[in-house]
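According to TrEMBL:
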type	residues	note
BINDING	E49, H80, E165	Fe cation 1 binding site
BINDING	E129, E165, H168	Fe cation 2 binding site
Amino acid sequence: MLERPVWSYFCPGESSAAELTRLQCAPAPRDSEEKEMLDRMLRVDHAGEYGANRIYAGQMAVLGRSRTGPLIQVWDVKEHLEKFNEILAENRVRPTALLPLWNIAGFVLGASSALLGKEGAMACTVAVEESISEHYNSQIRALMEKDPERYTELLQVIKEFRDDEMEHHDTGLEHDAESIPGYWLLKNAIQLGCKAAIYVSQRV
């Protein structure tokens with residue numbers, strides 16, 4: 001885990017996502033095919049980080065004052081969302097039209113998992129972060145196959161965010177995620193929902 005966000009090395013003197021409006025992470029598309037690819041990629045990444053924020057907000061609403069609250073608060077991924085807000089604006093990519101749905105669905109999922117106790121919240125975290133990490137890995141592979149030099153900045157942002165998600169995933173496992181009854185059923189159900197959300201957010 002880098003002490004500074006990786007994109008900050010491209011902007012001397014800047015240290016937070018909120019100050020990065022001048023960094024063009026995604027290159028200007030060369031043709032309509034590349035534009036469609038980048039639009040889908042950035043749109044779904046933004047939707048994923050938005051949904052994750054709402055999930056953790058739901059968990060905090062239930063467990064915020066418990067001993068688990070500080071742990072969930074550490075997973076604050078607002079910086080990820082802020083970064084993708086900026087990238088969408090820079091590249092004139094509209095967010096998914098389903099944000100109002102993800103707003104409600106994410107909060108409900110987070111709160112519902114937290115009502116099962118710490119283990120439920122951790123199981124939800126493991127499922128979601130594993131899904132996001134796998135999705136980021138698929139994007140990394142796609143960009144590496146196309147032109148790693150052309151997408152250097154975007155690749156580094158995605159890789160750092162992927163590493164953050166895996167850190168959250170591993171922390172969830174360390175805090176008894178697998179001890180909840182029906183763990184695998186719960187995990188698979190959440191991940192099925194994540195896959196559906198990824199699919200539609202790319203397109204709508």
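Cβ from N, Cα, C; glycine included.
Note: TrEMBL annotation is automatic and uncurated.
Counted within 10 Å of its Cβ, the other Cβ atoms near H168 (Fe cation 2 binding site) come to 23, all protein chains included.
On the backbone, the CA of H168 (Fe cation 2 binding site) and the CA of E49 (Fe cation 1 binding site) stand 13 Å apart. Spacing of E129 (Fe cation 2 binding site) relative to H80 (Fe cation 1 binding site) is 13 Å (Cα to Cα, whole number). Its Cβ placed at the centre, E129 (Fe cation 2 binding site) has 25 other Cβ atoms within 10 Å. Neighbour counts of Cβ atoms within 10 Å were taken for the binding-site residues E49, E165; the minimum is at E49. Report note: the Fe cation 1 site is defined by E49, H80, E165, and the residues of the same chain whose CB lies within 8 Å of the CB centroid of those residues, excluding them, are D45, G48, A52, V77, L81, F84, I132, F161, D164.
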